[in-house]
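One structure below.
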C-alpha cells in the first residue's frame, strides 16, 4: 500500500491509487524493517522449520548443533540475532569453544546440562542446568556444555549476531595443518598428546 | 589468577603469587567479559531458573510472557541479547505489539501458533508455526502470536537487546489516560469502540 | 590534493604532482567522509531542495510527509541521520505510528500540533506544541501528531537513521490482506469496526 | 498498566490490579523506550521550547546557535539524535568547524545560506541554499555556513548524536593558550596573522 | 572559551565575557570530545609513559604484555581503541589466547615473531613477521605469538576497544578450580596431561 | 574442517568426511571471523610489510604517514581498527588535522614529538612525548604532531576504524578551489595570508 514510506502525500486520491499499487507491487520493495534490499523478501526469508528435528549426534562429540543463522534464515541479516538447536546424546559434549561475534543465551528444553564459561580473569562459572534453566555466555569467552543425567539433552541457544561464528579449541589445535611443534609451543601440551589428538581430529603436520 | 588482564609480567615469580591471588581475589573484579563493573559477578548473575515454569494465562489475553531480561538476569547487561518464555492457552493471543529496542526470533516448543508481522510498506507476513518452527520479527515492526490447534502453545523468544521493551497497541490506546477524542483521532476508531475497549483494558478519560 | 589519505609521502615533489592530480581526479574517489564508495560523489548527493514546498494534504489524513531520506538524499547513506517535512492541514492528523529504525526530533515551524507518544509501560506523554517547540519520540514507540489551532501546521522531523521506516497502525491493520478475523483477534476490535475501516483504507479479506 | 514489560502474567486478575498500579505507579519506572533509568521521566524531559526564539547575533560572528542537545532536552539521552536553531544576521558566518561526534542535516527556514564542507580528499562541496533546501555534513568533516542575500538567515540543524560537540577552527587556534610559535608551526600562518587573531578571539601566549 | 558548545549567542559582548570564562573555567567541563563527564579531564588522562620500558619476561611464558588500556589511560574511555607493548624473550611465547572484546593489529618493532590465528572454519593463518611487519587478529579468534630468531622480540598491539580483555587457553583450563574430569571432558586431553599442567599453572581440583 | 559453523551434525561419519573437505575446501569460505564474504581470504589479506620502511619526508611538511588501512590491509575490513607509521624529519610537522571516522592512539618509537589536541571547549592538551610515550586523540578533534629534539621522529598510530580518513586544515583551506573571499570569511584570515598559502599548497580561485 505504501511502498515508499511517507508517500501518502503523493496523490490527491491516495486510496484508489493505493489499491492499484497493492496489486502491482513493483520492485524494489524495501526490507520489511524499512531498509532497502535487492530483491523482494518473502515468507520464506523469515520462517525456518529446521529446528524441530533432532540433529544427528552420531559423531565424536555425541552432539549436534543445528543453526538458524543468516545462511539458513536470510531474514536475520542486519538484525543482530540468531538461534540454534543443541542436541547432546548421553555422554556427549560441546567442547570448549568461543563464538567470536556474539554473546549467547541458552535455554534447556529437555534433560540436564553442565554448562559453564571461563572469565577474562580465569574464574570459572559453571552449573548443572535443568529443564527451563537459562545461562548467559558473554561474547568471546570460552564456554562448554556437557550432557548430564539420564536423558539426552536438548537446548536452544540464541546469539547476538545473525552469524555468530564458532571456534572449538580442540579443532583449532588438532584439526588443521598447524605444525605439531607450534601447537605444543602455544598450548604447553606434550608431543604425544598433540599427536594423539591430531589423529583423532584429522590434523596434519 | 590474572585479575588484571596481561598482568603476567608483574612479578618475577608469577605462579606462587598467582596462587595467593586466587585465594584472596580482591575486588574490583572485572566483568567476565573483561569490562570493569562495580561489584564482583557471581553464578547468580548468569543463570536464571524462571523459564521452566508455565506463566499464568488466566488473564484477558489467555497468554503469559515470562521474561529473562536484564532485570531478571543481570549478566545480560551490555551483551545485546535476552530471552523470554511465551505461554498461550487455547484461544489465547499475544496481541499486536512492538519491541522498541530489539528484533526477535521465536521458536515454537509445543503446539501451534499463527504468527506474523506487518512490514514498513504494510505488507503482511504470517504463517502457522508448528513445533520447532522459527520466525523472525524485525526490530520495531508490529507483530502478533495467536494460539491455534488443540494444544496450549509454548515458545521461546530471543531478543537482540538485554531489555527489549514491549508496547501492545491495545494497551497503548485503551489502558491509560489518553482522552477518548484523541484516541479516536489518531486511530480512526469510532467513539463507541474506544469507550468499550477503555472499559476492558482499564483506560480513563 | 590528497586523493588517498596520508599519501603526501608518495612523491619527492608533492606540490606539482598535487596540482596535476587536482585537475584529473581519477576514480575511485573516496566518500567525503573517508569511506570508499563506488562512484564519485557530487553536490547532488548532499543537497536536496524538496523540503521547501508544502506536501499535498488532499488525502484522508489531511497530512503529508515529505522525506529527505537516503533515497532522496544519497549523501545520507551511512551517516545515521535524515529529515522530513510535515504538513498537516486544519483537521488533519498523522495517526498513531512507529519508526522501526529511528528516534525522532520534531520542531514546529508554523501553527500548533498536539503531539505525543506512549511509553513501554503504557504511560502517555503528550502536549500542545507551538512554533519553535521541540519534542522527542524515542525509537520504536507509538506516537502521533494532530493539527490544532487555526493555522495549517508545518514541522520538521529529524531521524537517527538515513532511512527510518514508517508503520502507521491504521494501515498495518486495515490496508492489506490480513484476514478480518485475525485483525479482530490481535486488536480486540469488533467485526463491524474492522470491516468499516478496511473499506476506508483499502484492505481486503 | 504494565510498569514491567511482559508482566501481564503476574496476576490471575490482571485488570483490577492494573488499575491500582496505574494509580500508584511506583518507581523505578523504566525509560519510555524500555530502558531503565534512575528517576521517572516526565513531559519536561521530552519537550523543549527554546528553539522558537531567535538567538542573539550581536557578537563577532553575527550568528547564534541555540542547542536542543541532551543538556537542554534530557529525553534525548541514548537516542542518537539532537537539534539546534541557527540564526545568522546579515553579514554573519558560522566559521569553519567540525562536530566531533555527529553528522548534521541542515534545513533552511528563512533567507539564504552559502553552506559547504571539505572532504577527506580536500574536495570542496558548497552551494547557496534557499528556504527549504537541505544539506548534509558528514561526521567529522570541516564545514561552514555564511549568510547571503538580503534577509537574516534561520535554519534548523539535526545531529546524529544527543550531544554532537563543536570545534570552531578559529577558536581552536586563537582562543586559548596554545603558544603562538606552535600555532604557526601547525597552521603555516605567519606570526603577525596569528597575533592579530589571538587578540580578536582572546587567545594568550 | 566556549565551555558550552554553541554558547556564543549567550552574551551581547561575547569576547570580554569569554576571556573571563577562560580564567575561571568552572566545572563541569565536558569531555574534550564533547561528551559530558564527572570531573574535568587533564593531560594525565590522555598521556601514558609506561610503554617505553620493557616488561619483565622472567616468567613461565618468557613474555610480558604491558597494557595501555582504559585503567592505565583513562582518556581512552568511550573511544574504541587501546594499545599494549609486547616483549617476548628468546624462547618465549604468548600462548593461544583470545580477546573477547576487540580485534588486534600487531606491529613488530624488534626481532622476529611467528604469529597466527585460527579461523572460524579452523583454517590456520600464520607467518614469521620481521621488523615493521603488521598482522591482523580478528575479534574473538584464537591467536598466538612465538619469538623466533636471535633477538628478543618487541611489538606494539592495538585493540578496537578501550579494554579488550584477554583469555589464555592454558590458564582458562589449568589455572583455576575447574575439576580435572570436566577439563578432560571439554578438552579431550588425557588425565595425566591435565594434572601435569594444573601443577604448572596453579589450578586446583 | 568445519567450513560451515556447527556443521558437525551433518554426517554420521564426520571425521573421514572432514578430512576430505579439508583437501577440497570449496568456496564460499567464510571470513575467518565467521562473516561470509565473496572470496576466500588468504595470508595476504592479514599481513602487511609496509610499515618497516621510513616514509619519504622530502616534502613541505618534512613528514610522511604510511598507512596500514583497509585498502593496504584488506583483512581489516569490518574490524574497527587500523594502523599507520609516522615519520617526521627534523623540523617537520603533521599540521593541524582531524580524522573524521576514528580516535587515535600514538606511540613514539624514536625521537621526541610535541603532540596535542584541542577540545570541544577549546582547551589545549599538549605535551612533549619521548620514546615509549603514548597519547590519545579523541575522534573528530583537531590535533597535531611536531618533531622536537635532535633526532628524526618515528611513531606508530592506531585508529578505531579500518579507514579513519584525514583532513588537514591547511589543505582544506588552501589546496582546493574554495574561492579566497569565502576562505577569508570562514577563517577570519586576511586576504594576503590566504593568497600566500594558496600558492604554497596549490589552491586556486
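The backbone N, Cα and C atoms fix where each Cβ goes, glycine too.
What you are looking at is a predicted structure, and each value in this text was computed from that prediction instead of being measured.
Per TrEMBL, domain 'Cupin type-1' is recorded for A:49-195.
Sequence-distant contacts (6 or more apart, same chain, Cβ under 8 Å) of residue A:104 (Mn(2+) binding site) comprise A:136, A:137, A:143, A:157, A:158, A:159, A:160, A:164. Here TrEMBL flags A:97, A:99, A:104, A:143 as Mn(2+) binding site.
In the three-state DSSP scheme, residue A:104 (Mn(2+) binding site) falls into the strand class. Residues annotated as oxalate binding site in TrEMBL: A:99, A:104.
Residues belonging to the domain 'Cupin type-1' (A:49-195) score a mean pLDDT of 95 in the model.
The C-beta environment of residue A:97 (Mn(2+) binding site), restricted to residues of the same chain at least 6 apart in sequence and closer than 8 Å, consists of A:142, A:143, A:144, A:166, A:167, A:168, A:169. A Cβ within 8 Å of the Cβ centre of A:97, A:99, A:104, A:143, the residues given for Mn(2+), is found for these other residues of the same chain: A:98, A:102, A:117, A:137, A:141, A:142, A:164, A:166. In terms of DSSP helix, strand and coil, the domain 'Cupin type-1' (A:49-195) has 25 helix, 58 strand, 64 coil. With a threshold of 8 Å between Cβ atoms, the binding-site residues A:97, A:99, A:104, A:143 that neighbour chain E are A:99. Chain C has no C-beta under 8 angstroms from the C-beta of any of the binding-site residues A:99, A:104, A:143. Taking a C-beta cut-off of under 8 angstroms and a sequence separation of 6 or more, residue A:99 (Mn(2+) binding site) has the following same-chain neighbours: A:137, A:139, A:140, A:159, A:161, A:164, A:165, A:166, A:167.
Proximity to chain B (CB-CB distance below 8 Å) holds for A:104 among the binding-site residues A:97, A:99, A:104, A:143.
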